[in-house]
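So the structure is just underneath, and the comments pick up after that.
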Amino acid sequence: MSSSSITLKTADDIAKMRRVGLIVADVLDAVEAACRPGVSTWELNEVANEVMTKAGATSAFLGYAPHGAPPYPGVLCTSVNEVVVHGIPRKDVILKDGDIIGIDFACYKEGFCADSARSIGIGTISEEARRLIEVTRASLDKAIAACVHGNRLDDIGWAVQSHVEKHGFSVVKEFCGHGIGRFMHESPSVPNFGSPGHGLRLKRGMVLAIEPMVNAGREDIEVLGDGWTAVTQDRRLAAHVEHSVAITGHGPVVLTRR
Ligand code: MF3
Ligand code: CO
């Protein structure tokens, strides 16, 4: 994909994306507050839908149907334990003490989209789960720090991969982050791996959704028969975090964090 197909955002565009980014943060705050043992992932979807609707925003996920997948049936992705990403909210998936869950949400307002995800523990989680979430969050922080005008796209992926592999975990290669703006998925694709100093040059006005997906065990994943749910092949734990980040003259600006 050539860099010429990347839509650069103006300061006014980025101001709008910041406003929708704060709605995404509010939704994830509300969902996170509702995450406790006994709650179904369908109830979490309802919390997200209510906060989104009150804010005057519309879902980026509901009905989304890329490359032959069935239309996505929720406004939130809820990915429990071995589910890496795109877990569909269900009444019969009930959170229990010791689970980890990835909550992923994106919406549109004023013509722009913002996209963010968090991984959180339910009650008391294992030491491995705690470390997995901590390493995944830190890998995103390092990737955000690489979002500087003049750096290269692979510097972002390398920041994720090097941190994750140093801690003995593995990076998922099949799914990537993405440009974001008037559409949820824009160019470029943003892999969570790469060779430092390679790839297209990052420029002021680019906005990227960076989303490390990290497995406790092997990197391999598979998609279940529902066409969405991506699980680790070895059924060990996975974590996923995401922020929408603007590359500006003042460095990286995280649009989906207060
Ligand atoms: N945040 C994810 C992404 O960037 C989720 C999209 S999948 C959907 O690709 F179906 F829920 F839309
Ligand atoms: Co995304």
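These residue numbers are counts, starting from 1, taken along the chain as shown.
Any Cβ shown, glycine's included, is placed from N, Cα and C.
Predicted, not measured: the structure shown is a model, and the values here were computed from it.
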Name the one residue among HIS149, HIS167, HIS178 that TrEMBL lists for the same divalent metal cation 2 site as ASP115, GLU211, GLU242.
HIS178
Record-annotated divalent metal cation 1 site (TrEMBL): member among ASP104, ASP234 besides ASP115, GLU242:
ASP104
Listed binding-site residues among HIS86, HIS178, HIS185 whose Cα sits within 10 Å of ASP104 (divalent metal cation 1 binding site):
HIS86
Of HIS86, ASP115, HIS185, GLU242, which is closest to GLU211 (divalent metal cation 2 binding site) if I measure between C-alpha atoms? They're all binding-site residues.
GLU242
Within 10 Å of HIS86 (substrate binding site), Cα to Cα, which of the binding-site residues ASP115, HIS178, GLU242 are there?
none
When you measure from each Cβ to the nearest atom of ligand 2, which of the binding-site residues HIS86, ASP104, HIS185, GLU211 fall under 6 angstroms?
GLU211
Rounded distance in angstrom between the Cα atoms of ASP115 (divalent metal cation 1 binding site) and HIS185 (substrate binding site):
10
Remaining residues near the recorded divalent metal cation 2 site, that is with C-beta within 8 Å of the centroid of the site residues ASP115, HIS178, GLU211, GLU242:
ASP104, ALA106, SER116, ALA117, GLY177, ILE180, VAL190, ALA209, ILE210, HIS243, SER244
